[in-house]
Amino acid sequence: MAVAKNPWRRVELCFLIAYAVVFQCYVVYHSVRISEEYSKGSKAGWLNGLRQGWIMNQLMDLSDSQWRTFRAGLPALTGVMAIFTILAGGLKAGLHVSGRAMAWFWLIVSLSYITYLHGACVVFILAILISNFAITKAFGGTRALPILIWTFNIGFLVANRVYEGYRFSSFGEQLAHLDQYRGVMRWQISFNFVILRMLSFSLDYHWARILRPSTVNWEKHAQQCDLCTLEASEDSKAGCYLARQERPVPLFQYDVVMYLAYVLYAPLYLAGPIVSFNAFASQLEKPQRTYSGTQIAVYGLRWLACFLLMEVLTQFCYFNTLAISGVWQMLSPTEIFLIGYGVLNFMWLKFLLIWRFFRFWTLVNGIEAPENMTRCMNNCYDLEGFWKGWHSSYNRYLVRYLYIPLGGSKWRLINVWIIFTFVAIWHDLEWKLLSWAWVTCLLWVPELVVKSIVKSHRMEGFRNSPLFRECCALAGSFNTTGLMTANLVGFVVGPAGMHMLFSRMLSLQNIPLLFGIVFSMYIGTKIMFHIREWEAQQKENEKLKVPRSKSVD
């Protein structure tokens, strides 16, 4: 490892860790102090969304509607997960069913599940799904299919929000009474994930029809993947997730039963992660082998530990409500930074808990979904790495179904604008999300240009110099600061609050604070470099070991 070979790097790492510990203690201490001032002090009652907690008689920040709804529904979701898993396990163990029989099972239980969630609005969902299936079967294998299917799905993505899930009364007074039976949640919200699965089915079928070649080097992949041999990677029913995704299943499996079981699959219906159709159909036939039962159990215990961490966080640090209640406008610039940094950590932990709960549900049922949060948000120093580690399954989805079909790296500087605009519209029809998307693109384009220049042959000498590492760390600090700003604009203050945010932070008297923020991000980036070096060393050590068995218990 580089640190062990270079005494100076070891001293540097000790300093970096010491600074990081002090920085995090400072953030926690002052965040708790600010939260207490608005919950027990002179400004008590100013915040929205505080509820009685269960730790030391503290109030709890439940101002985030997404987290509040998930937390309240967790007992019911856990019960549903247990029932569905027991039924599925009984069928597999007792009757040895798989493939199409399991597709029928998941179709039936998933229809029951979404009928409870959406009531009579299931009619709208099924109508859109069947229409998408009909278009796919009619035009699959022709050049018209990609354009037709993207137009169809984006059209309904927008229409569902504009017309707020439609009213039965709009289709005739005789149907108006059905508007009283719309279930317990709005169907158009979770339907965004259904649209992604509809597109996945249609394009996977289309590419299977035209025999589209895979971009994966299977020989190289088989050397690096413990689950895949070269023979297994050529078989859609064996190997790792990537092998199952890239290899099409037999054409007869692209039928209406497998399609509906996939797009309505109960464990992933509400929030993902996003699984491609090929991978789903393959794993119904032959369950995943990536994780053993012990590993899945440990995964569940880790989720529980993260949930307890969130409970502690929301009862002592009221990051979200301090942001959405408008109180941030009355805070000092230092406090604005602390709350902004805290909000992003809260959002990361919230999504980690939601996505990993549903991923755990799929794993216990033999389906591997990609991990969404592959890195902590505090361990990402560039935009490209951040988006590979935050909602990773969505990133992989966009690469497979948008980025590569749009030309890949040849048109990267243009593709990024198209992709992030789609991502913003997919999330919701709000100007603040479009602002977030375009601010992110403005940050990303210079990063891509600089990376391209640095990788050129003329810069080889600079890349090998000590100055290069320092320049990368400084660039990473600016990237991290810009990323925080983009997410605050998109998900907290919005375009209307952007001017006030900048006017409060970008003033002469705040130059020392801005320097402190950039320096702290610089220190964090240097720590990330050490982590990457350690990870690279671990990979090298793995290569030197005797190859492990390809089987997984």
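Quick reminder: no glycine exception, Cβ is built from N, Cα and C everywhere.
So that you can see what the record holds, here are the features copied from TrEMBL:
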type	residues	note
TRANSMEM	12-29	transmembrane segment
TRANSMEM	72-91	transmembrane segment
TRANSMEM	103-131	transmembrane segment
TRANSMEM	143-163	transmembrane segment
TRANSMEM	184-203	transmembrane segment
TRANSMEM	256-280	transmembrane segment
TRANSMEM	301-324	transmembrane segment
TRANSMEM	336-358	transmembrane segment
TRANSMEM	410-427	transmembrane segment
TRANSMEM	433-450	transmembrane segment
TRANSMEM	471-491	transmembrane segment
TRANSMEM	511-529	transmembrane segment
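Within the same chain, the transmembrane segment (336-358) stays apart from the transmembrane segment (103-131): fewer than three Cβ pairs sit under 8 Å, each pair at least 6 residues apart. Under the criterion of 3 or more C-beta pairs below 8 Å, with sequence separation of 6 or more, the transmembrane segment (410-427) and the transmembrane segment (301-324) do not qualify as touching, having fewer than 3 such pairs. Here the transmembrane segment (103-131) sits against the transmembrane segment (184-203); at least 3 CB pairs are under 8 Å, leaving out pairs fewer than 6 apart in sequence. Counting Cβ pairs closer than 8 Å to the transmembrane segment (12-29), the top stretch among 72-91, 143-163, 184-203, 511-529 is 511-529.
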